[in-house]
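Record features (TrEMBL):
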DOMAIN    B:71-261  domain 'ABC transmembrane type-1'
TRANSMEM  B:12-32  transmembrane segment
TRANSMEM  B:75-96  transmembrane segment
TRANSMEM  B:108-130  transmembrane segment
TRANSMEM  B:142-161  transmembrane segment
TRANSMEM  B:182-204  transmembrane segment
TRANSMEM  B:242-261  transmembrane segment
Amino acid sequence: MLELQTKQQAKSAVKKRKGLDSEGRWGLLLVSPYLIHFLVFVVGTSVASLYFSFSDYDILNPPKWTGLDNYAKLFEDPLFYRALWNTVYFTILYVPAKTFLALLLAVALNQKLKGLKFFRMVHFLPVISSWTVIAYVADAVFNQRIGFANAFLSKLGLAPQNWLIDEFWVIPVLVLIAIWKSVGYMMIIFLAGLQGISSDMYEAASIDGANAWQKFWRVTVPMISGTTFLVVILNTIYSFQNFEQIFVMTGGSTEAGSTGGANNASLVLMLFMFRQAFSFFKMGYASAIAWVLFLILLAITLIQFKLQKKWVHYD
Amino acid sequence: MQKRFPLNKIVGYLFVIASALIMLVPFLTTVFNSLKTYKQYMQFPPEWLPNPAQWSNYTTVWEQANFSSYTINSLIVAILSVIGALLSSSMIAFAFARLRFPFRDTLFMIVLGTMMIPGIVTIVPQFIIFKNLGLLDTLAPLWILEWLGQPFAIFLMRQAFLNIPKDYEEAAKLDGCNPFQIYWRVFLPMCKPSLATLAVFTFMGKWNEILAPVIYLISDENFTLPIGILSLSGQYKTEDQLLVAGALISLIPILIVFLFAEKYFVEGSKTSGLK
């Protein structure tokens, strides 16, 4: 009797374990595509990239280990500093202006204005367009010969500018276009955040006699700081990796060597890396650039996370 | 307070209308540019309206360049990517949301982690992998990774699966369904809105992508639309107004998708901000 009971218990225990195993097996089976993705295309490629960055590799011949040569060369390359500065300059102009404008737009639309859907759609038009389309839209405004910006200047009696080639103008104009393209997207993220603020906060502020401006700075801005933080992080990462816009707008050709603007005025880090890899086939050097870019980005993101304690409010 | 409220609204309207004009006017100008003759296109100072409108620019660019081939390539890439993303990412997400298996939570943290890590360091080795697989100058590198699951898509679908009550799962189990059947027959049909969101986002991303096509495609007959147009502008320096028409043609499919699925696009935009 006792024996039978133990047997049954053992049997059910086996059954239970077998059941768990089956679910476990199914689980692993179903996630296996991502396991392959992760092992081959994340871990494998990262290890390979790190190895390449310490070697001389032109694709045709096997990589030759050269130690820190690529990194040493990089830190002596004036083009690297040029590209680094251009990238930082782009980010400094781009991230704060875009964040502020997107927040203002979201606040305006959050007042339950009529035609919300229409305004949202208008602001999404550039978001859904490829950079190739945007390049022609930007041409309509900033092209040296046919653009309306120069027509306007000449009406004022001012000299026309070569907006997308001129060393002084190229980055600010690219930033302006980049903000124009994607401010609608960030506006939606802010709108979602704004809808999470309870109206009690505004009523309390009204009772205390706050005007609209004070409400914006004292209630909206602090209450939305979590979203703002996220938008700043996303945009900084985007800005450091901006390739498509620069590639399409300051070259206009698939011949990789021909891009980067006059005197490399719009050569950013991603374009610098792309050129080394796919125009000159210096895969080792390009990998070193990629790692330096990655480390810079990591450092900036970590600093932003550290700084968030100072200005991001969580309830 | 009653007086202040309308003033806010007026300022809001003025701001939003000004902003909408800044968004729309350059687009309209581009549309008008696409309808000009070359002579009118190049004239300075520019005239806003085309006179007369050259509708034939659109048929000319379509017929002269390899446009139908670019369009078909773009469609192949976008559609295969969408199918891959819907099938694999939802399956992976279902396992993360609903099944218990070893290292599940660690693995999911990894998925989230890879979402944060920018893909720059993997570009060169990825190119070498696809080159060694003999996939250079084919469309495969542009869509194949979608079939192995993408972090954002997995995250999006996992959220959807987490929201389904446990009762459905248990009822299906009693009926003798295995986990795959539960996923396929019960959970997947219940997540259509999230699937639609994912489809819209994937389609748009792939339709507009430039970096990967520039790296992987070499011959003209394999080009997708964005780089096909780009290469035309490099090759033929004249007749720019035709290229403007070409670029606007490439916008039409995405515009149609957007008009039909605006709701899902907004949903996806919000989600991308939440994490």
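Using the three backbone atoms N, Cα and C, a Cβ is placed for every residue, glycine included.
Just so you know, TrEMBL annotations are computer predictions that nobody has curated.
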Among B:12-32, B:75-96, B:108-130, B:182-204, B:242-261, which stretch has the most Cβ pairs under 8 Å to the transmembrane segment (B:142-161)?
B:75-96
Six or more residues out from either end of the transmembrane segment (B:75-96), which same-chain residues have a Cβ under 8 Å from its Cβ atoms?
104, 107-108, 111, 139, 142-144, 146-150, 153-158, 160-161, 179, 183, 187-188, 191, 195, 198-199, 202-203, 205-207, 209, 224, 253
Hey, which bits of the same chain come close to the transmembrane segment (B:182-204), Cβ under 8 Å, at least six residues off its ends?
78-79, 81-82, 85-86, 89-91, 94, 98, 146, 152-153, 156-157, 159-161, 164, 168-169, 172-173, 254, 257-258, 261, 264-265, 267-268, 271
What parts of the chain pack near the transmembrane segment (B:242-261), using Cβ distances under 8 Å and only residues at least 6 beyond its ends?
30-31, 33-35, 57-58, 60-62, 64-65, 67, 70-71, 74-75, 196, 199-200, 203-204, 207-208, 225-226, 229, 232-233, 236
